[in-house]
């Protein structure tokens, strides 16, 4: 069968582009494995020592789901490149499958970030409901766009490569593929707005009082860095999936899955380490009594209004108790365990 020069040039371009995901996904897998072993010591020390709680479960799920996700990416991309395996129907079915397994990781991360924003705004039910509704809408919009893209996927492939002897699944994008990640990106921008508002007030307060960085400041700073990073990755995905910008070829979702998982686990680890260093009470619920747990039993902070290094005689309706605290090197805030001081007349602010 004779092919025109235009068809040969198109075949050469598509064949060259199909080699890029094969190499990039291996680099992404190597990146994740390197990050895993470079942070394994901290994970054993700070995460495994915790009792079971939301923070620990979130970290471990995101950490190991990311590794499994990259293993899936490697197997899927290299298997589907074989002509004896890949068929047109299988290529069409695999496209939404890859996006769904990646979205599960993103949704898990967004749930964790909603909880963090909920904590930053003093357990505001209005903030939680607002973010929960937006999150549900973003998931519904993602699934709707995914179904529409899947129904037109075969036509997109046939319009470009139906007459070319390409092996495997060609790296062809089009239709509404570029819009699939826009709902998640929009939701991230809304959450980022909450964090930006909170950071402006918190940092202004810290600088005005010339206080050192507290655990709350660290959480806000990490949130800002995370949202900037994850939003940049999502926007990059949208441009890559659109195929409109020729300088960004199809890399596969391997780099996206790797970057998303590593940014989140490192952020959670950073907050966990900061919490351990700033702990005041020995009774934290951890296996190591000198550590405290993020997302575990509620811990509240009370701003220090007088020159003192401890809180004395917090009275309650059922009696009184004395909390002895040590001087904190990173902050002038004191933890108060509500479980041990029920009924104390203290206005709490969630840390």
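Cβ coordinates are placed from backbone N, Cα and C, and glycine is handled just like the others.
Between the stretches 2-25, 26-49, 218-241, TrEMBL puts its transmembrane segment entry on 218-241. Outside the transmembrane segment (128-147) by six or more residues, the chain places 96, 99-100, 103, 107, 110-111, 114, 117-118, 176, 179-181, 183-184, 186-187, 190-191, 194 with a CB less than 8 A from a CB of the stretch.
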